[in-house]
């Protein structure tokens with residue numbers, strides 16, 4: 001990897017470590033937030049991500065996205081680990097906690113600012129809500145504050161957010177990406193991209209609800225690295241009303257299924273069937289499902305969307 005002038009030596013070394021890990025073979029990850037019990041949609045993504053890594057004889061990491069402390073729930077980290085163990089989805093190495101990596105996120109943020117790739121933005125959520133997006137499209141920030149050279153510190157009782165000046169190729173797909181929120185929290189996109197690059201993640205398999213995040217993350221990767229990360233997306237599970245499963249809606253997790261007497265093979269079979277990997281009614285462990293898919297080349301990849 002060619003050394004980037006944007007990065008001081010210690011960050012360049014972190015990127016080199018990530019590249020060496022990536023060169024050793026496939027590295028995937030599952031990255032839940034500890035905001036409540038995992039629902040079946042989360043578990044389906046975990047299963048498909050685990051299968052993709054194991055079919056490639058690769059590593060599968062567990063990362064806990066716990067930066068947004070006010071939303072975290074006591075006991076959620078232990079609960080999600082127990083659920084993965086129960087399903088037979090074992091991860092490699094120690095669990096990675098984003099809350100313990102704030103130093104490296106802030107270092108990358110400072111490096112990008114020193115290179116002039118960031119600017120202060122004082123657009124409020126209300127102002128952005130007034131910007132209408134085309135039907136069926138996510139909002140692309142129009143660059144309102146890009147050339148204003150606004151003050152970086154407190155002004156009228158609030159801090160600005162910090163945005164990345166994206167290159168022209170991303171201006172219409174992601175817009176300028178927030179890397180530090182106005183409340184001082186590191187933004188999701190920055191933490192995620194830094195982790196993918198420094199932990200050596202070669203491919204991310206995640207829910208289709210994060211498809212809109214891909215362009216913002218690719219724009220940030222483009223700003224700090226020459227090595228792209230591959231993103232693939234799992235179709236969402238929906239309830240009877242066609243709504244995607246969500247923690248805030250209280251959709252079913254493993255506790256309710258276990259209370260009905262269902263075992264891991266029932267749940268793994270149902271999750272696999274929901275993605276057309278096996279027929280409905282099949283009962284098999286995660287290991288047995290992996291063995292079956294090894295006999296059916298390309299079946300899992302047909303499920304995943306770019």
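Cβ atoms here come from the backbone N, Cα and C positions, even for glycine.
Features of the protein shown, as given by Swiss-Prot:
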BINDING   29, 30, 31, 32, 33, 65, 188, 206  L-glutamate binding site
MOTIF     32-42  motif ''HIGH' region'
BINDING   121, 123, 141, 145  Zn(2+) binding site
MOTIF     244-248  motif ''KMSKS' region'
BINDING   247  ATP binding site
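Cα separation, residue 30 (L-glutamate binding site) to residue 141 (Zn(2+) binding site), rounded: 29 Å.
Shown are the binding-site residues 30, 141, 188; the one with the most C-beta atoms within 10 angstroms of its own C-beta is 30. For the motif ''HIGH' region' (32-42), the DSSP-based tally of helix, strand and coil residues reads 3 helix, 1 strand, 7 coil.
For residue 31 (L-glutamate binding site), the nearest neighbour among the listed binding-site residues (121, 123, 141, 145), judged by C-alpha distance, is 141. Annotation: 31 carries the greatest number of neighbouring Cβ atoms among the binding-site residues 31, 145 [cut-off 10 Å, Cβ to Cβ]. Taking the motif ''HIGH' region' (32-42) as a whole, pLDDT averages 94 in the prediction. On a Cα basis, residue 145 (Zn(2+) binding site) lies 32 Å away from residue 206 (L-glutamate binding site). Same-chain residues at least 6 positions away in sequence with a Cβ under 8 Å from that of residue 121 (Zn(2+) binding site) are, in sequence order, 144, 145, 150, 160, 161, 162, 163, 176, 178. Taking Cβ-Cβ distances under 8 Å and a sequence gap of 6 or more within the same chain, the neighbours of residue 29 (L-glutamate binding site) are 49, 60, 61, 62, 63, 195, 196, 199, 201, 204. Cα-Cα distance from residue 141 (Zn(2+) binding site) to residue 65 (L-glutamate binding site): 25 Å (rounded to the nearest whole number). DSSP classifies residue 29 (L-glutamate binding site) as strand under the three-state reduction. Each residue contributes its Cα atom, and for residue 123 (Zn(2+) binding site) and residue 32 (L-glutamate binding site) these two points are 29 Å apart.
In the three-state DSSP scheme, residue 145 (Zn(2+) binding site) is classed as coil.
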